[in-house]
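Since the structure comes first, as structure tokens, the remarks are kept for the end.
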Amino acid sequence: MSPRPEIKAGVGFKAGVKDYRLTYYTPDYQTKDTDILAAFRMTPQPGVPAEECGAAVAAESSTGTWTTVWTDGLTSLDRYKGRCYAIEPVAGEENQYIAYVAYPLDLFEEGSVTNLFTSIVGNVFGFKALRALRLEDLRIPPAYSKTFQGPPHGIQVERDKLNKYGRPLLGCTIKPKLGLSAKNYGRAVYECLRGGLDFTKDDENVNSQPFMRWRDRFLFCAEAIYKSQGETGEIKGHYLNATAGTCEEMIKRAQFARELGMPIVMHDYLTGGFTANTSLAHYCRDNGLLLHIHRAMHAVLDRQKNHGMHFRVLAKALRLSGGDHIHSGTVVGKLEGERQVTLGFVDLLRDDYIEKDRSRGIYFTQDWVSLPGVLPVASGGIHVWHMPALTEIFGDDSVLQFGGGTLGHPWGNAPGAVANRVALEACVQARNEGRDLAREGNEIIREAAKWSPELAAACEVWKEIKFEFDTVDTL
């Protein structure tokens, strides 16, 4: 029997485990214009250095693994690895740090939010050396954003399609969200649109349930839209929720909406998934449909201050994946949203170029180049008394959506819509005349209520309604 040959390790390979920071913590690194940059809020386990944690985040979300492997020598890790290039303590928080990580562009598939998130917010969030990890912000370079279609149409094209300018758009979510028959649902849509709203909306829960199948809902809503358009002379729409159990079924529903001549469909982009959402966005551009996006499930990901990801990251991801509207909080209503933070990601949705501004939670300057903008939708616990503040906070390029604030009117749905339209027109006129909506808002609403009995009734019903809780999402 011949002697067993001696196997020698290669010169460049040394088996074993080594600290991540030896390879992935590079404080001298100069970021490139093509790098994707990430800001992570880290809470290390006791005794683990911040530099090791930051390097671990960079490693585990790019080329690293827990031990040295032979195949490291078959590629250029220096070209492909993520790099933790800066770490700073979080003011006022014990044992929390912001780690800045740069990723080379070649790590990510073009035009795929799914692939981007699989790397950056993947397994690393379960890493044992970290007690908690939150992705606060991403810088998407133009070299990557140009590989995405983005929103199907964008703000200006939507205004041109609707022939509506110089004011926020008005919407209403049909309530109760579940349980109505298709015919009664269509009746509520008609009454709201006839009263002066621009849009009505399927609730995010409404897909195709036994009490109301999707095709029946689409047909009765189409009838309501055509009837209200004929009576008002305005273009109307209803967000027909195309979200379904499969991508094929989702596209089938969008096709039916197009065949009915409807202007807009809707998708729950987080529960539906980014691959489905991007597919629907491409279909909508090709077929002239606007796309309304609901963010159901977002608070599971973004509500905790030290773990998960901030909504500004989800907002940027949506702009890449595609959507013409997205729910963004209200600042003044029943749902979470601190003013400066909300306005920060609203600008990230709408504007082409947004400067770094840590006072608004914006960690990086973001240049979207020519990617179309997204209209923020303020929705949740708002009513006519909020109209001056909403108009002042969100400006013209927004959708103000009153569900209970329309359908809860004591005289019915159409008077509720009238009250909201009158309040909005009064606020826009007052603003255009140079009045201060923040200071004179209540007076402006009272003046308008003198000649609108519908608005006067709404003011009386909701005069005591407030949602006074401290926001969790603070800087």
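In case you wondered, yes, glycine gets a Cβ from its N, Cα and C as well.
The following features are taken from Swiss-Prot:
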ACT_SITE  Lys175  active site, proton acceptor
ACT_SITE  His294  active site, proton acceptor
BINDING   Asn123, Thr173, Lys177, Arg295, His327, Ser379  substrate binding site
BINDING   Lys201, Asp203, Glu204  Mg(2+) binding site
MOD_RES   Pro3  N-acetylproline
MOD_RES   Lys14  N6,N6,N6-trimethyllysine
MOD_RES   Lys201  N6-carboxylysine
SITE      Lys334  site 'Transition state stabilizer'
Can you list, in sequence order, the residues of the same chain other than Lys201, Asp203, Glu204 whose CB lies within 8 Å of the CB centroid of the Mg(2+) site?
Thr173, Ile174, Lys177, Asp202, Asn205, Val206, Tyr239, Asn241, Met266, His294
Given the recorded positions Lys175, Lys201, Asp203, Glu204, which lie within 10 A of Arg295 (substrate binding site) by CA-CA distance?
Glu204
Of the recorded positions Lys201, Asp203, His294, which one has its Cα closest to the Cα of Asn123 (substrate binding site)?
His294
What subset of the recorded positions Asp203, Glu204, His294 lies within 10 angstroms of His327 (substrate binding site) at the C-alpha level?
His294
How big is the gap, in Å, between the Cα of Lys175 (active site, proton acceptor) and that of Asp203 (Mg(2+) binding site), rounded to a whole number?
8
Between Ser379 (substrate binding site) and His294 (active site, proton acceptor), the C-alpha gap once rounded to whole angstrom:
11
Under 8 Å by Cβ from Lys177 (substrate binding site), counting only residues of that chain that are 6 or more apart:
Asp203, Asn205, Val206
Extent of the substrate binding site in Å [max Cα distance among Asn123, Thr173, Lys177, Arg295, His327, Ser379]:
37
Out of Asp203, Glu204, give me whichever of these binding-site residues has the highest number of other Cβ atoms within 10 Å.
Glu204
Nearest recorded site to His294 (active site, proton acceptor) by CA-CA distance, among binding-site residues Thr173, Lys201, Glu204:
Glu204
Helix, strand or coil at Ser379 (substrate binding site), per DSSP?
strand
